Each structure stands twice: as structure tokens, then as C-alpha cells.
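These come from TrEMBL:
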BINDING   GLN323, GLU373, ASN423  S-adenosyl-L-methionine binding site
DOMAIN    344-410  domain 'Methyltransferase'
ACT_SITE  CYS451  active site, nucleophile
Amino acid sequence: MAGLKRRVPLHSLRYFISMVGLFSKPGLLPWYARNPPGWSQLFLGTVCKGDFTRVIATKCQKGQKSQKKPSHLGPLDGSWQERLADVVTPLWRLSYEEQLKVKFAAQKKILQRLESYIQMLNGVSVTTAVPKSERLSCLLHPIIPSPVINGYRNKSTFSVNRGPDGNPKTVGFYLGTWRDGNVVCVQSNHLKNIPEKHSQVAQYYEVFLRQSPLEPCLVFHEGGYWRELTVRTNSQGHTMAIITFHPQKLSQEELHVQKEIVKEFFIRGPGAACGLTSLYFQESTMTRCSHQQSPYQLLFGEPYIFEELLSLKIRISPDAFFQINTAGAEMLYRTVGELTGVNSDTILLDICCGTGVIGLSLAQHTSRVLGIELVEQAVEDARWTAAFNGITNSEFHTGQAEKILPGLLKSKEDGQSIVAVVNPARAGLHYKVIQAIRNFRAIHTLVFVSCKLHGESTRNVIELCCPPDPAKKLLGEPFVLQQAVPVDLFPHTPHCELVLLFTR
């Protein structure tokens, strides 16, 4: 990949690179004290010396183990591997410093658009006298870089389909579109964001498939059995693999044979080189199945992997959501924690809480933590993590937030301060969740985390900040966007987490 750095960047990058002048200068939040101020001081606007980005990075890198850069197992092929790199990691040609400038400029533009629209809804005249690059009412902090740039993913999902050579038992990532009928599965061992261990497991799964007499399931109605592979790892090097299999009309005895064959391959066969900590098998007749719809079957090894984060030991199930960049997640969660401003009189409401890390990391500073999560396994993980770490002031609820939240809020005493944290999937929050947050007056502070502030997530923010609207049942006072912090968890890609602080 290094030999390609001199090539002209993609057309899609030129526009963003032209905006790098918008990137915040290092002196935006200057301080040079040997002992940086506490987090609360920093976010309350206390004048201090140093750099917001550097302070967070320093706090979060402390104690982090270094990660190896993934080795590139072969020369980059200009026609297939390079094309895959351009799709999956479109910023790979840029230095990391340039990537951060691109992302900061993109996040700033998103906020400018969002603020302009909210101001119009609130009847505020948007003046054209202020330069566009400066037209932000909220405080936008410099982007926080990822401590790990290469091979940072702790979870990767590999597809099975026809490769460039036509072999249907190729394991990798897709190029092309189903609509155009030109989908090709390309091996991913050259991608900068995939760790060597993930690529190794994918390669051995491909070896297994090519030895198996059963065909892969490329299109559901055309038959076939073997489907995708998911690999999860932690910072200690433990590896969980999950194989998805379409049972078609196989009997239970025939299914048992296939499970034993793949188990033997990874325990005593060539796949033993992967050193898997655990291997799961899921029979699925749908594109995606939850554990409730089709249970994950442990073929061998430990049922969970564990991670150390923010002084907590965290349990992670095969189905549970966990940020894909562990070192970056610690920076993200520290940032969220500081923005909440919680204290011993505060109830922390953690919506879409996943394995509960944000709430549990702040439990000692709050009177109570209430978590809501759709995935049952993730809630079980959160409860285990709370018990293992001796946290007794937390409770976690399984189900859809739009169904649980209204009743949960009604049960709380009036006058008790509640701080809400929402970290929804890319699809955003259900409108009933927004209604419940807006209409519950005890919520004065809201921290909204988004990795893609487009579509439904944008609508969420607008409905949080728009004037009261009885037609939409938005009766409470609107929130005001006060601060925004971009946090990069996805080097080499255009994606970036944006943490937004709202108050009212």
C-alpha cells in the first residue's frame, strides 16, 4: 500500500481536502501546564493550558497495550484489492493527519447545516455577514484522534461468494452491487483497518469451505449452506469466531455431522493455527438472526470474551454491541462521561446502552444508572459486568426504548435531576423516544452520540431542538446544542463519532 501513496486521491476526497482550512488550529484551546486541569474544569470553560485532544488521548492511552500493524500478506492488486481498499477504507491513501483534517471539516459542515436549519425553525435570522466557516453557535472542539490507526477493529464480518477467479467459496468483502449483478467477493487481508488475526481466521475458513462437499449459500432461494463468518477479538488476543449456516432441509443428525467437522478443523485440523478461544455456530434462514430468533451454539471454548475498559472488566457475548475500536472507545466514553456533568444527586439514563459501559463507568458518580437495550444478551452482559465490578446502583431493561422509556420516566419522582445519554444505531432513535425525552422536564442535560448524523439521526436532533409542537406531541422546552466533540474511531474511513451536548 505504501507504494501507492503518490497516486492522485479519489475524486470524492478532493472536495473535503479543499476544506482543510476549516480544521481547528492546535492553539484553539491552548494550555501547557504539566498537570492538566480536571475534566469538569475543561468542559465548564475554565481557562487552562494544553490541548483538549491531547489531554483525552493521553488519559486514554495510559495503560493501553500497543497493537501490531497488520501484515500485508501479498502485493496489492490494482484491479481488485485496490478497488476494495477504495470502497472499505476510502481515506487509506492519505496520511492520518490529513484524514483528521478531512473528517473535522466534514463534521463542521454537518453542524453548520444542522444549526442553520434549527435556527430557521426557531425563527432566528441566519445572517450572511458571518463567514460560513465561522457560523457555529455551539463550541466545536478539535477532533480526538484514535490511539490505534491500523488493525484497530475488534469485530469483522466476512461474506462468502464468488471471487475474482469465479470460485464461489471465497471469503472476504463485497465489491459491486446486487442491482447491477456484478458482486465479487475479494479477500481482505490487505485492508489497513483489519487486524492480522481476523484475516487469518477468514483465510482458514476459506480453506475449510473449499474442502467441504457442501456448497455455500450465495442466494437463499438457490440453496447452499455455508454463509458468513464473524470474528471478535479483545486486547488480550482472545478470539471468538461465529459461523452462520443455512440448514436448508438437513436433518438434526446431518447438522450435527457438519458441526463436528468444522469443530474438528479448528481444534485439530489446519484451523488450529488460528488459536480460537471459542467457536460458535448459528443456523439461520434469514439474512440476520438474533440470539432469540436462532440461538448461537457454542461448539467449543469459552462462551464469552472479556475486555478491560475504564477500570471495568466487561463481558462480551457473541451478539452484543461493543464499539469496534477498543482504544478509541475509551476516549469516546471518557468524553461522554465528562460532558454529562453527573453528580451524586443525578440519575443517569443510558438509552441504547449496549453492554452498559457508559453508565457503569459513571455509576460511582451518580445516584442511579438506568440502562435500556434491545439485545437481551447485551443486557445480560451489562448485569454481569455490574455484579463482577461490585456496582449495586444500576438496573438494565431489555426491549425497545420507545416502549420502555415512557413508563420508566413516569415511575421516577418529580424534581429529581436526570441526565440522558443516547447512543443509537445508525437508524437513529424512534420518534416516541424523542417525545419521551422532550416531554420529561426533569431531563435538563442530554448527550447524543452519533456515528452518522444523517437521515433519522438528523431528524432526532431537529425534534429535540425545535419549538414545542403539539401536533408532534413535542410539548417540553427545546434543547439547545452547546458543545460538539468529534472522536475518530474509524481511521482510513470517512466515518467519525460525533458527541453532542444539549441542555435546556
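Indices start at 1 and increase along the chain as displayed.
Cβ from N, Cα, C; glycine included.
Everything TrEMBL records as a feature, shown here on the structure.
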residue : record                               : CB count, 10 Å
GLN323  : S-adenosyl-L-methionine binding site : 23
GLU373  : S-adenosyl-L-methionine binding site : 27
ASN423  : S-adenosyl-L-methionine binding site : 24
CYS451  : active site, nucleophile             : 18
>> Measuring Cα to Cα, how far is GLU373 (S-adenosyl-L-methionine binding site) from the residue listed as 'active site, nucleophile' in Å?
In response: 18
> What other residues of the same chain, not counting GLN323, GLU373, ASN423, have a CB atom within 8 A of the CB centroid of the S-adenosyl-L-methionine site?
Replying inline: PHE321, PHE322, CYS352, CYS353, GLY354, THR355, VAL357, ILE358
>> Return only the integer: C-alpha distance in Å from ASN423 (S-adenosyl-L-methionine binding site) to CYS451 (active site, nucleophile).
In response: 9
> How big is the Cα-to-Cα gap, in Å, between CYS451 (active site, nucleophile) and GLN323 (S-adenosyl-L-methionine binding site)?
Replying inline: 11
> Just how spread out is the S-adenosyl-L-methionine site if you go by the largest Cα to Cα distance in Å among GLN323, GLU373, ASN423?
Replying inline: 15
>> Could you tell me the mean pLDDT the prediction assigns to the domain 'Methyltransferase' (344-410)?
In response: 93
